[in-house]
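Trainee: What TrEMBL records for this protein is below:
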| type | residues | note |
| --- | --- | --- |
| ACT_SITE | R174 | active site |
| ACT_SITE | S223 | active site, proton donor |
| ACT_SITE | E293 | active site |
| DOMAIN | 30-194 | domain 'FAD-binding PCMH-type' |
Amino acid sequence: MNDELYARLRAYVRGETLRDEPMARHTSLKVGGAADFFVIPADRDDLAALLALLAETGTPYLVVGGGYNLLVRDGGIRGVVISLARLDEMTLLAGEKVMAGAGVTNRQLVQLLRDRGLGGLEFLCGIPGTVGGALAMNAGAHGGAVVDRVEELLTIRDGEMLQTGRDGLDYGYRFLRLAPGEIIVGATFRLDPADPDQIGVRIAGYLEHRAASQKVGFPNAGSFFKNPEGTAAWRLIDEAGLRGERVGGAQVSEAHANFLINRGRATAADFLALATRIKEAVKQRTGIALEEEVRIVGEG
Ligand SMILES: Cc1cc2nc3c(=O)[nH]c(=O)nc-3n(C[C@H](O)[C@H](O)[C@H](O)COP(=O)(O)OP(=O)(O)OC[C@H]3O[C@@H](n4cnc5c(N)ncnc54)[C@H](O)[C@@H]3O)c2cc1C
């Protein structure tokens with residue numbers, strides 16, 4: 001079955017198709033088993049051709065960005081992992097707007113906006129990943145969240161290209177509702193005119209703050225848990241006495257208690273066991289149920 005699918009992927013898709021690709025190579029936690037196939041479509045048409053093939057063959061798929069918020073279980077991922085890294089076009093539009101493809105990195109977008117004197121998304125500067133991943137997570141920092149700047153979201157749902165204005169989106173703290181299988185291909189953002197030097201000062205300030213507060217020094221996925229209403233996850237973990245706690249190669253960072261780090265040779269199972277230990281301890285102590293911000297995918 002997989003041989004046949006492989007042959008058809010190679011025939012249909014102009015971009016790159018990798019087989020039995022270790023997801024540890026594509027996630028910042030550096031753990032996770034192999035994806036049956038890892039496909040990087042060359043452009044939007046190529047993506048459409050790929051999706052048609054996957055629909056026809058009933059093959060499951062998962063879209064990933066930079067893998068900075070992803071924990072892939074050790075059994076890997078059946079079906080196809082799709083990377084939109086090559087949907088990396090950025091187009092400036094009239095009226096302080098920019099259209100960015102899902103594969104543009106946050107850093108590339110922030111740099112362009114700074115150079116063109118367009119403000120409002122500076123907070124993305126230190127958030128690793130892609131525009132697609134930032135939108136899917138409604139990533140944010142320093143009081144800003146990316147979906148607040150969306151004018152129109154471009155997605156593919158059941159083979160149809162959709163354009164949805166922000167008012168039509170259901171979103172909140174680290175959350176954007178997508179239909180099952182819906183893929184973000186890009187978005188148009190509305191910015192504010194601003195002085196490039198002042199944008200640069202804001203960016204430098206954000207990066208400095210991050211460098212001081214997130215000196216974790218090992219592979220990680222940023223905040224592992226969402227902040228519960230009215231409090232910070234790191235504080236709850238710290239107060240439960242779990243700073244430095246370790247399961248196998250996974251550890252609660254000494255520098256930031258909501259960052260779980262890979263001390264080397266960690267497995268996804270180590271991270272999952274550590275996360276369970278944290279959730280149980282915090283629940284027992286405070287009654288608060290911590291919820292993962294990191295997306296957990298794949299087979300155990
Ligand atoms: C050091 C560090 C600091 C961080 N700081 C922050 C921070 O301050 N604020 C913050 O919000 N996050 C932070 N993060 C987490 C992470 O950077 C963000 O969640 C980021 O937006 C993930 O983007 P990505 O491209 O890597 O997405 P991925 O991790 O690859 O994917 C995340 C989720 O989005 C889905 N997805 C990705 N692309 C698409 C698409 N095109 N269509 C549909 N679904 C898609 C994936 O299936 C997955 O469920 C940090 C991470 C690290 C490692």
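Keep in mind that glycine also has a Cβ here, set from the backbone N, Cα and C atoms.
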Trainee: At the level of the C-alpha atoms, what whole-angstrom distance separates the residue listed as 'active site, proton donor' and E293 (active site)?
Mentor: 7
Trainee: For R174 (active site), just give me the three-state DSSP call.
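Mentor: The three-state answer is coil.
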Trainee: According to DSSP, does the residue listed as 'active site, proton donor' fall in a helix, a strand, or coil?
Mentor: strand
Trainee: Mean pLDDT for the domain 'FAD-binding PCMH-type' (30-194), rounded to an integer?
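Mentor: For the domain 'FAD-binding PCMH-type' (30-194), the model's average pLDDT rounds to 97.
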Trainee: By the count of other Cβ atoms within 10 Å, pick out the sparsest of the active-site residues R174, E293.
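Mentor: It is R174 that, of the active-site residues R174, E293, has the fewest other Cβ atoms within 10 Å.
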Trainee: Reported as an integer number of Å, what is the Cα distance between E293 (active site) and R174 (active site)?
Mentor: 7
Trainee: Including all protein chains displayed, how many Cβ atoms other than that of the residue listed as 'active site, proton donor' lie within 10 Å of its Cβ?
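Mentor: Result for the residue listed as 'active site, proton donor': 20 neighbouring Cβ atoms inside 10 Å.
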